[in-house]
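TrEMBL lists 8-97 with the feature domain 'Endoplasmic reticulum vesicle transporter N-terminal'. Positions annotated as transmembrane segment by TrEMBL: 21-44, 344-370. If you look up TrEMBL, you'll see 149-366 marked as domain 'Endoplasmic reticulum vesicle transporter C-terminal'.
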């Protein structure tokens, strides 16, 4: 038994030095104090990393198919009334959403940016005061009102009972409504007068769009849109104006849900129009993104980058549509963010490395200082130190 204990004693890698041979110095105390402080600070830093989740980033090819893209927006036009403003969306697959109204809210603003009133989209409200019937006569008390669509009927029994319905019928036909005063419904509802009354107002439009996950665009522009000879055009003649101010501020624009750390580069961006007419274009590259938190919850969203371009035109020469376009394209690469905690073994390894590393370096530094002091002291005693 004593033989085994003796062999174990010979394996001791940490031979002990008798305290009678210890030499305590001031420099050693300073180095010990400094190294202890460094050790504590590094330990606290490592403990914080261990307690908080770290995010791992990975790039993969996006193989998803048949999904949709949700676009959330909040845009303010300080010089374009809500009655003129419309929203269209289209993509390269040929799908179009013209004059979008569902999930969209428009808020009228005065010249100072204060809200005036919230009302349903459309100009004016129907007034059935002896209106003109489709067959040409005036509405009698015992008749049901059925207004003419002025050639825009899709079927013989179609009725247009408001100015908005006539404009919609013309839009579906691909026609422009050049003179609203010739339309009984528009004249009764005060279409042009309402536009004049709202001159100088602004509009805050916000909501969301659900579009195919392919390249496309959505844009804000005055007037109703329609297809004419396979060309997308807007009916601006009805407003009898030479120029439109599309100055705007993007309060918020996101492609998908919010997730921690996302940066939306167009939030709070604004542009002021200094020319009579202009077209403002944003070219957006959308990057599909998946965020997984430590609890295992997954958020399917997107990030995006953007470049801008503006085209101007002289007064009376609307060479391009006065509008704000958002052209978007999808990146083939998907970014995956995964939150995860550092393992305890990894934390323990780092703590041991901190303690051992600081202890070793401080020992080397203490030895260098101690022997340096001895050499200097010896030379001073011999009178050779100068």
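The backbone N, Cα and C atoms fix where each Cβ goes, and this holds for glycine too.
On the 0 to 100 pLDDT scale, the domain 'Endoplasmic reticulum vesicle transporter N-terminal' (8-97) averages 83 in the predicted structure. Tertiary proximity for the transmembrane segment (21-44) is limited to same-chain residues at least six positions away from its ends with a CB under 8 Å from its CB atoms, namely 351, 354-355, 358-359, 361-362, 365-366, 369-370, 373. Under DSSP, the residues of the domain 'Endoplasmic reticulum vesicle transporter N-terminal' (8-97) split into helix, strand and coil as follows: 32 helix, 27 strand, 31 coil.
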